[in-house]
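Features as listed in TrEMBL:
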DOMAIN    3-157  domain 'Thioredoxin'
ACT_SITE  C46  active site, cysteine sulfenic acid (-SOH) intermediate
Amino acid sequence: MSLKAGDPLPNATVLSANLEPVNLRTYAAGKPRVILFFPAVFTRVCEKELCTFRDDLARYNQLGAEVLGISVDLPFSQQVFAKQYGIPFPLFSDFNKEAIRAFGVVLPDLKGLRELAQRAVFVADGEGVVRWAWVAEHPGLEPPYAEVERAVRALESAGMQEA
């Protein structure tokens, strides 16, 4: 079962592009976070999703939010993808699948590929509490982009954007 509104961010660790461990509970603590889980780099829907968030990043930055992406790809593949598509926000590797399990977004099987990240978006407030969550019913669905932005704006309106 995936995280839902009101749940705290789990104490899960992913790897940065430099192979440094990053704890998702404490990363960007004090700021709202938009956490994007996606199945794999260099796939059609994932490219569209990440490029859409790239194109909308200025609006999220104006709201004080940190955007980050997570997949089970190796960090090296993510680096090549980020460079090729000009993705300015961090992409973290969950190669060991700790985060997808902790967030409850394991895609069990995709055409023989086992345990990829299910496409999902979590918006957390500055204190690390999930305030909005969306999990795709199947990997071909894109996130509801306008709803994600509304969820971040709602944090600002409620005074929950920073801890």
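Placed from the backbone N, Cα and C atoms, the Cβ positions cover glycine too.
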Check: Around C46 (active site, cysteine sulfenic acid (-SOH) intermediate), which residues of its chain at least 6 apart sit with Cβ under 8 Å of its Cβ?
Finding: F38, P39, A40, S71, R119
Note to self: Using DSSP and collapsing to three states, where does the residue listed as 'active site, cysteine sulfenic acid (-SOH) intermediate' fall: helix, strand or coil?
What the structure shows: helix
